[in-house]
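Taking it in order: structure first as structure tokens, then the write-up.
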């Protein structure tokens, strides 16, 4: 509230005076008593508007003409957008930066009050983020995906034709969500990680065919890395997505992928398998990869100094459901180390830091020198504590000072759901159907 | 602490006395006292005497801290008229008495929420300067709010 008072005062002192510029700023309306004017202190009025629900503020804009002028201020509606919702800051970012898919500096900006109203009335979208390992599905108006399916389980056997499998898969999704596919648009993330060995374009065609037959009103395809970047409220940067089987390092400038992405064949699955193998050496049998994954998510981390970590007491335990208590020691940081030393898990590929450094090196001829120094992490494995700090340190060691100066690695707030949350921003946009969806019917 | 008394002067030149240790709940007065001892009369050019009397009543309350929140709420509830509350909020804003200002603004917001447009206009004696057609156009434009 005190921040609000300060802001209101700033507006007033900045000459933000809609009507009546006496030294006491007041809102002047004609009064019902003949010939009189009604004065309402502006700063108090602004404070009260901020305390109202957006709906009530829109309603009172009809009281009189001066009230409408004041209620219409963009700043007020940006405040509502930001504070109306736990994800308000993301909503505000989306409405200011992502309203159109193609950047267009000449486009006309709607008043925020209209934007707010359009969002209120929008049906949202069903988001299907089919990763290689898991598929995250949910309605964009919800706070998080409501359904997670193991992609490889639901997708079926290779012996059936691709179209049938895709159709079965998408139908399963709509059935499990209990929604009518013809009611709202669909956002699909690409690449659609349903299966290896299938051309991306072939897969997209099959998916579209299936959506048409389900009478989905319209659809929108967006790249996973771009969406994950949006989720961290940015439109430029190097996005590092540590996926199920592989890690992608993708440079993105103003929402466009540029300078070639780099992929290394190390992902969360390899870390989980390595953890299980280490425990087996100690004669601790972990019954399934799911259990190993739970242990990884709850106990593992990335050491800042790998060799020094061996001299510390790192023992910690975690209870997995009915299976009992597991105690991990060195495995806790050796598992995460696979990202930097894939050889530990028998993968003969470059480490994460080397891939990112190579990517930065590719970007160094870009005219704008700042964007590629922000590295954003995404993916379930990116949630390992200590990863951002370690990667930043490794990059400083690897890169020449001119490139490493000002480098920042941003940890992932949404982990595996990053792309889903980026899609949520798009799906709730006031301009979603007009500027992001395919025109006409799918 | 010595019981020093301060004098506040309203817009209509009425004087009010209040003990300094109570008056400094207002951040504005506290700063004035810090700066120059505020020995003379403190003028409050935007606050009328009725409102200032209310503010003084509020500052003079003798309340245990844990009951204070309820007291402020009750205090503004008893003055449920929007124009009075607005004056009170304005005075509390000028004097920087946060709790009173928050409570008064909150109360007005609560009242407005349940009022029809006509009731808002009546409470504030505002004339509707739109024709019925213009008003209908606004209702149509913001259907989601009505």
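Glycine residues also receive a Cβ, built from the backbone N, Cα and C atoms like all the rest.
Annotated features in TrEMBL:
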type   : residues : note
DOMAIN : B:5-62   : domain 'SKP1 component POZ'
DOMAIN : B:98-145 : domain 'SKP1 component dimerisation'
Residue counts (helix, strand, coil, in that order) that DSSP gives for the domain 'SKP1 component dimerisation' (B:98-145): 38 helix, 1 strand, 9 coil
For the domain 'SKP1 component POZ' (B:5-62), the number of residues DSSP places in helix, strand and coil: 25 helix, 12 strand, 21 coil
Mean predicted confidence [pLDDT] for the domain 'SKP1 component POZ' (B:5-62): 84
